[in-house]
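What TrEMBL records for this protein:
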- 228-240: compositional bias 'Polar residues' (COMPBIAS)
- 241-253: compositional bias 'Low complexity' (COMPBIAS)
- 258-267: compositional bias 'Basic and acidic residues' (COMPBIAS)
- 24-81: domain 'Rnh202 triple barrel' (DOMAIN)
- 84-170: domain 'Ribonuclease H2 subunit B wHTH' (DOMAIN)
- 225-267: region 'Disordered' (REGION)
Amino acid sequence: MASSPTEDEIRLIIAPISTSTTNEQGLFLSLRHPKSGNPTCYLLNNGYLQELHWFKQSYGSWFLGDYVSEDGSLYVATPVDPVFILLPIFDKARMKKDGDKGKFRQLDEIMFINDYPGYQNILPLAQLCMEIVCEVKEIESVKFFRLDESKVLAWLCHKVQQLKLTLPTLDQNYAAQDEKGILTEVLSLLGEYLNSDPWLKLLCTHLKFDLQETTRKPPVHEFFPSALESTPGSSHSLQAKNGNNKKTSSNGKQVKKMKAETDSRNIKDMFSMALRKRK
């Protein structure tokens with residue numbers, strides 16, 4: 001188990017300010033990444049699940065009041081649809097075999113994942129969002145869920161349409177592409193959160209699109225696994241990999257890899273160290 005953050009591990013994060021009147025603090029949760037299955041840090045804040053993006057240059061510090069944080073890295077929390085995160089969990093939980101659709105399961109059974117207690121914190125989110133992709137039966141006020149492939153496909157098609165409308169408004173390079181080019185970008189983006197088999201393959205078959213064309217070129221930045229570091233499809237680093245596999249920044253200078261932490265942490269505990277040090 002990772003130790004608690006120390007004063008030398010002060011970090012800066014950009015995240016929405018909670019509007020809750022209950023003084024609830026956000027939580028860092030270790031969940032499985034929907035594509036790789038690796039432990040990945042997410043932020044549960046103000047009732048929304050967010051993924052963390054990590055940016056770091058070779059040299060830089062942060063001035064927090066009259067305190068200087070030597071670690072110049074920056075974390076940015078952005079919203080992520082919980083359905084992406086929960087899709088592999090619900091897929092496995094139905095225990096589908098050839099010729100049947102699988103079993104209906106209670107939500108607390110589905111969300112009990114060994115070594116990942118963070119899923120218990122997003123039970124209310126799962127209750128709200130997973131009915132859109134599941135068959136639900138209610139027996140004596142108890143709901144039972146089973147993932148439904150036709151509903152998943154309809155949900156994915158809706159995501160495709162949303163992204164096709166949104167991407168051209170974000171960048172001129174997207175706006176200049178033809179229909180096939182935009183669809184390729186959309187499916188590549190969705191592919192960062194979906195397993196190729198069955199979901200991306202199912203979607204491409206429905207759209208009559210070549211699955212191989214959705215494969216992106218390797219990104220110039222490198223991903224770092226685990227909780228508060230960059231992770232595939234979740235936390236993107238500005239660091240690049242050179243020929244000898246050493247971690248470097250965009251200007252070629254070698255930088256140190258940050259220490260990993262794996263447990264859920266309270267935001268107040270992690271980012272208020274500077275204030276205590278000033279006293």
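Each Cβ is built from the backbone N, Cα and C atoms, and glycine gets one as well.
Keep in mind that this is a model prediction, so the values were computed, not measured.
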Three-state composition of the domain 'Ribonuclease H2 subunit B wHTH' (84-170), taking helix and strand from DSSP: 53 helix, 14 strand, 20 coil
Mean of pLDDT values spanning the domain 'Ribonuclease H2 subunit B wHTH' (84-170): 94
Secondary structure content, the domain 'Rnh202 triple barrel' (24-81) (per DSSP, counts of residues): 0 helix, 33 strand, 25 coil
